[in-house]
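Novice: OK, Swiss-Prot features for this one:
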TOPO_DOM  1-34  topological domain 'Mitochondrial matrix'
TRANSMEM  35-55  transmembrane segment
TRANSMEM  58-78  transmembrane segment
TOPO_DOM  79-106  topological domain 'Mitochondrial matrix'
TRANSMEM  107-127  transmembrane segment
TOPO_DOM  128-159  topological domain 'Mitochondrial intermembrane'
TRANSMEM  160-176  transmembrane segment
TOPO_DOM  177-196  topological domain 'Mitochondrial matrix'
Amino acid sequence: MESHKPSTNKDDLIFNIIPRKIKQLPESDRNLLEYGSAYIGLNAAFGGLIANSLFRRILNVTQARVASSLPMAVIPFLTANLSYHSFVSLPLSTGNLNCEICTTTRGTLVGFVLGGLYPILLAIPVNGGLAARYESSPLPQRGNIFNYWITISKPVFRKMLFPTLLQTAFAAYLGSRQYKLLIKALQLPEPDLEIQ
């Protein structure tokens, strides 16, 4: 018979300890740790719908409301949700991210780039394609396409400044809060294990 040594591998310990400690947290704190990325995704979806609406008004697009609103809500939601989960929540819960500033910075970057800027940039080709298809707005000739879209996009970026900053601040706060909740969970005493 082989002597069976207990696993002292750091990864095994972390994968066993962190989920067990998180289960000891109150339900509201546990939900924030587990579903925080969905909140970031929902904010990104709302940002996508707002950007879609602003571009539709500027380009005078009145047809295909659902055809443009559906991808402008679903794609930013999925992108921001999965990115925040991959870059912030998952590394936190596996012990690969152990610095509050790092967590806040990652959350801020995901919130700004994928929750704020990405929905605005995604709205440009969606609504540009609809404007070309329904001929609701005169589109530029080949030489000045870039200048045309910059001119069209400036008012949208100005109006989307507050939602983008709000998304960025919320993602930074959520990253910091998730880190503090994880530290709180790790400081909880070990539950009494009954020996049978």
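Just so you know, glycine gets a Cβ as well, placed from its N, Cα and C.
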Novice: What parts of the chain pack near the transmembrane segment (160-176), using Cβ distances under 8 Å and only residues at least 6 beyond its ends?
Specialist: 32, 36, 39-40, 43-44, 46-47, 50-51, 54, 84, 88, 100, 103-108, 110-112, 115-117, 120
Novice: Give the residue counts of the topological domain 'Mitochondrial matrix' (79-106) per reduced DSSP state, in the order helix, strand, coil.
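Specialist: The composition, in the requested order, is 23 helix, 0 strand, 5 coil.
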Novice: Against which stretches of its own chain does the topological domain 'Mitochondrial matrix' (79-106) lie, if we need a Cβ under 8 Å and a gap of at least six residues from its ends?
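Specialist: That would be 14-15, 18-19, 22, 33, 36-38, 40-41, 43-45, 114-115, 118, 171-172, 175-176, 178-180, 182.
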Novice: Mean pLDDT for the topological domain 'Mitochondrial matrix' (79-106), rounded to an integer?
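Specialist: For the topological domain 'Mitochondrial matrix' (79-106), the model's average pLDDT rounds to 93.
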Novice: Six or more residues out from either end of the topological domain 'Mitochondrial intermembrane' (128-159), which same-chain residues have a Cβ under 8 Å from its Cβ atoms?
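Specialist: Non-local partners: 51, 54-56, 58-64, 67-68, 120.
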Novice: Could you give me the DSSP helix, strand and coil counts for the topological domain 'Mitochondrial intermembrane' (128-159)?
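Specialist: Final tally across the stretch: 25 helix, 0 strand, 7 coil.
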